[in-house]
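Inspection log for the structure reproduced underneath, given as structure tokens.
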Amino acid sequence: MARRCGPVALLLGFGLLRLCSGVWGTDTEERLVEHLLDPSRYNKLIRPATNGSELVTVQLMVSLAQLISVHEREQIMTTNVWLTQEWEDYRLTWKPEEFDNMKKVRLPSKHIWLPDVVLYNNADGMYEVSFYSNAVVSYDGSIFWLPPAIYKSACKIEVKHFPFDQQNCTMKFRSWTYDRTEIDLVLKSEVASLDDFTPSGEWDIVALPGRRNENPDDSTYVDITYDFIIRRKPLFYTINLIIPCVLITSLAILVFYLPSDCGEKMTLCISVLLALTVFLLLISKIVPPTSLDVPLVGKYLMFTMVLVTFSIVTSVCVLNVHHRSPTTHTMAPWVKVVFLEKLPALLFMQQPRHHCARQRLRLRRRQREREGAGALFFREAPGADSCTCFVNRASVQGLAGAFGAEPAPVAGPGRSGEPCGCGLREAVDGVRFIADHMRSEDDDQSVSEDWKYVAMVIDRLFLWIFVFVCVFGTIGMFLQPLFQNYTTTTFLHSDHSAPSSK
């Protein structure tokens, strides 16, 4: 019986020993907390200083957990940060050997004195941290407090290079009620921590430098400022905004290549202009309504709208020239020289003047007229009263050749002329009238074709000008942000005026 009870007693003794040790450890921590927070020796409303002139040094460091958003239009940056604060409280000290070598204890932060460090440039009225976590207190009185916070801070948005922009959003921390004669804020690290940072899909973190600011005119002022230097990832705006704008603008190039007879020049121009206006309205809803600067995309849209407006004006001029005729306008000699001879060669254009059948006939007729081959179509017989006339074979052949027809054989003996009836004079006059009328119409058509060719040359000239300005203007605008030297020094030393004391 004694042998059976021995193992059971051993197990019961071991269990009681563990229970007593756990209760003993819990009792030790409870005794320590009661000792530290005893109202007779500790008051959380009093600054932990032995005298009024002693400074309480508070070490501060920001750990960025997440860059939630940057609202450009409202100029607000929302961040999830952990605000590390360390200081010493001589009242929260103990001897570890008196409390089972317990060197650290966690105390509710609302039961101890806290430096009232708040975000000064807050944008929504939430100056405090989101959650009052426990503070870790060491036996030597050093306190480590790491509360999480979601801050909405005011951020001045620079829209000059949007969407290839880089922003500098600052977060200024300062004690709300204590000044430099009571609390000395010190940077724990020169840069904010990114150990627990979750990458953002819209922004890249360039640098997170911190600095301690003092006011030489006010010896009681001190604050800790962190510069959040962030660069936008432009892929989203490039795909959804810039590339469609470039493609729509390239459609305006086709306006100058479109024939004037089709009647769609003005329709295409106005359609492109309306599409660009829609994109301009989208931009106005994204960027802040500031008059200090114009965003890069806005500049490009205005640039393209000016080009499209220019294409509308030139299309009106081209259509006006295209529909000119000899009855309304006379072509000046310098117009013929410039637009029919000089510019076509420079624009790599070649007028098919010598390859058209009508043009070949026109040139042959003019050559015959210069040679005098058709000077006289008929000649009268001797005697004014005679009704006899003679057909001039050479004149008939010359006139036929002038119009590109084979001369008909003339019956009769091999003389130069033969007598004919008196009614032939009237027939010859009618033929002469028809020939003169056809010659006049042919000349008018030639002038009209010259005006159309002048319009074509003007169209081609403006086409090259538009392509040149559009391509080089686009490249020059969107390469401009790449040549900007974004350095941390530029942001840190730009317009940092001395802050005013509270």
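Glycine is no exception: its Cβ is also placed from the backbone N, Cα and C atoms.
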Membrane_side_equal(V186, L292) from Swiss-Prot: yes
Disulfide-bonded cysteine for C169 as listed in Swiss-Prot, from C155, C245: C155
Fewest-neighbour residue among recorded positions, criterion Cβ within 10 Å, set V136, C155, C169: V136
Glycosylation sites compared (N51, N168) - highest count of Cβ atoms within 10 Å: N168
Chain-internal residues near F144 (site 'Key residue for a rapid dissociation (K(off)) from the conotoxin BuIA'), provided their CB is under 8 angstroms and they sit 6+ positions away: T84, Q85, E86, A135, V136, S138
Between N168 (N-linked glycosylation site) and C155 (disulfide bond), the C-alpha gap once rounded to whole angstrom: 8
Distance, N51 (N-linked glycosylation site) to C169 (disulfide bond) (CA atoms, angstrom): 39
Stretch-level contact, the transmembrane segment (459-478) and the transmembrane segment (239-260), CB cutoff 8 A, at least 3 pairs: yes
N51 (N-linked glycosylation site) and C155 (disulfide bond), Cα-Cα, nearest whole angstrom: 40
